[in-house]
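**Student:** Below are the structure tokens for one structure; questions will follow.
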Amino acid sequence: MASSRILITSALPYANGPLHFGHITGAYLPADVYARFQRLLGKEVLYICGSDEYGIAITLNAELAGMGYQEYVDMYHKLHKDTLKKLGISVDFFSRTTNPHHPAIVQDFYRNLQDKGLMENLVTDQLYSEEEEKFLADRYVVGTCPKCGFDRARGDECQQCGADYEARDLKDPRSKLTGKALSLRETEHAYFHLERMKEELLTFVEGIYLRPHMRNFVIDYIKNLRPRAVTRDLSWGVPVPGLENKVFYVWFDAPIGYISGTMDWAASIGDPDAWKKFWLDDKVTYTQFVGKDNTSFHSVIFPAMEMGQSLPYKKVDALVTSEFLLLEGFQFSKSEGNIIDMDAFLETYSLDKLRYVLAAIAPETSDSEFAFQEFKTRCNSDLVGKFGNFVNRVVAFAAKNGCTELSHPQLEQQDLEFIAEAQKLAKEAADHYQQYSLRKACSTIMELAALGNGYFNDQAPWKLAKEDLWNRVRSILFCACYCQKLLALISYPIMPETAWTIWGMIAPGSLDLRSQDPERLQSIWTEAFFDYSEESFSLKEPELLFTVVE
């Protein structure tokens with residue numbers, strides 16, 4: 001039996017820059033669509049997200065910007081929260097890894113892993129700056145790549161040849177901040193023995209949902225596990241118990257932010273223990289949405305961390321990954337100028353246009369591309385030509401002919417067949433949402449709009465009106481409005497504003513919009529909603545849903 005309680009998380013956005021369309025399509029729009037759909041089904045949904053606020057990239061860029069670390073992450077936390085709100089991402093609580101609950105639970109995770117014999121302190125050689133009097137983590141280091149000889153290679157990866165390595169392997173390493181040469185010194189770090197958990201992890205991933213093309217990647221990753229450092233020589237982060245001047249590596253503390261973020265939510269509603277009903281109850285269904293570059297952390301490392309705890313933390317049931325979204329064939333990059341100003345875009349084009357196109361091109365199993373020409377084509381062909389045209393022509397015809405109150409139609413066989421086909425497509429859309437396919441859901445939405453348009457054309461009520469066959473005209477309009485009611489229903493997870501507008505125009509008697517939150521429609525997707533026998537419609541003046549993109 002499916003769980004009535006649904007926990008949803010999407011990858012915590014790193015507080016080191018603005019969000020772009022690639023981020024939105026990869027983790028936040030898919031999670032929002034799924035959350036909205038599950039609420040329609042009447043599930044108790046909790047969608048948690050928040051800023052990932054520790055790590056080297058943050059400290060380095062804050063220093064380069066002349067800002068304090070907290071000041072820097074505060075800036076991006078607010079920006080991310082505002083961006084998600086503008087995009088209609090219905091996150092229930094947007095927390096941050098600097099929340100007051102986070103340090104204690106991260107340290108508790110670490111101690112439990114120590115108690116299980118899965119942590120070990122090892123002494124290794126690390127790069128040290130005599131001038132700055134501290135060890136430098138990889139992003140603070142530049143030098144000559146040991147593979148290709150590129151002389152401005154980063155401390156963890158060469159931008160020229162793509163090689164990855166330890167910072168100490170660089171030739172002529174120097175500080176990124178001062179340019180001074182670095183030396184090697186011994187330092188102690190804690191290592192997580194992931195390789196000791198291979199069999200347990202292989203069994204675990206057999207039982208969770210992964211996109212088929214990702215499963216082999218995850219299995220290979222598990223088979224090649226090795227000890228992994230969980231600590232760094234930084235001042236910004238969660239302090240490590242028993243190791244002076246060390247903080248936890250961001251990959252270790254960040255996923256625990258899903259739990260501490262839920263604690264933060266529980267505190268905000270005045271029920272500090274409310275987090276437990278989502279994280280300590282195995283009957284909950286837990287779905288995570290991440291980009292493909294986060295797959296290993298969420299499919300293997302975070303579950304391994306949870307397995308080593310004394311509390312039975314809920315592990316992921318479905319890990320929904322996305323490939324990369326490219327911009328005109330290239331990766332989104334602020335430094336390269338390959339970016340779209342999201343605020344400016346939304347000032348020009350409606351939110352639902354953007355949400356629909358991003359959903360229709362979602363990089364679910366392979367990289368996809370955002371190109372303005374395709375955006376224009378999909379808006380004008382799909383949203384204006386098919387979807388908007390169907391809704392507008394029906395409501396406008398009804399208003400023009402005074403047929404605004406519709407109920408108890410006299411249905412013919414062709415009407416019943418049309419209604420049955422509309423119901424079938426609506427249920428197909430539900431399957432696509434359950435299977436995390438935004439692309440297929442978009443296709444089905446357009447199929448239903450095309451079905452409605454075809455029915456209205458075939459029945460040609462304007463001809464019947466000339467013959468004064470008004471009962472038949474009203475029956476056709478009733479069926480068309482019923483189709484629009486379902487069209488709004490299956491569109492709502494992707495285009496919530498548009499769905500709300502359609503329902504407002506046709507005013508189904510079965511739907512009391514006054515009692516609903518537009519952002520969190522609850523318990524609408526029911527058998528009663530699909531029943532047409534007692535339905536009625538009270539049509540209002542038509543509103544233009546979409547305008548042509550020039």
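Note that Cβ sites are derived from N, Cα and C of the backbone, with glycine treated the same way.
What you see is a predicted model, and the numbers here were worked out from it, not measured in a lab.
Sharing the feature lines straight out of Swiss-Prot:
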type	residues	note
BINDING	Cys145, Cys148, Cys158, Cys161	Zn(2+) binding site
BINDING	Lys334	ATP binding site
MOTIF	13-23	motif ''HIGH' region'
MOTIF	331-335	motif ''KMSKS' region'
**Student:** If we count other C-beta atoms within 10 Å, could you say which of the binding-site residues Cys158, Cys161 has the fewest?
**Tutor:** Cys161
**Student:** To test your reading of the Zn(2+) site: which residues beyond Cys145, Cys148, Cys158, Cys161, same chain only, put their Cβ within 8 Å of the Cβ centroid of those residues?
**Tutor:** Pro146, Lys147, Gly149, Phe150, Ala153, Gln159, Gln160, Gly162, Ala163
**Student:** If you count other C-beta atoms within 10 angstroms, which of the binding-site residues Cys145, Cys148 is the most crowded?
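**Tutor:** When each Cβ's neighbours within 10 Å are tallied, Cys145 leads.
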**Student:** I'd like the per-state residue tally for the motif ''HIGH' region' (13-23) from DSSP, helix first, then strand, then coil.
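**Tutor:** Helix, strand and coil residues of the motif ''HIGH' region' (13-23) number 3 helix, 1 strand, 7 coil.
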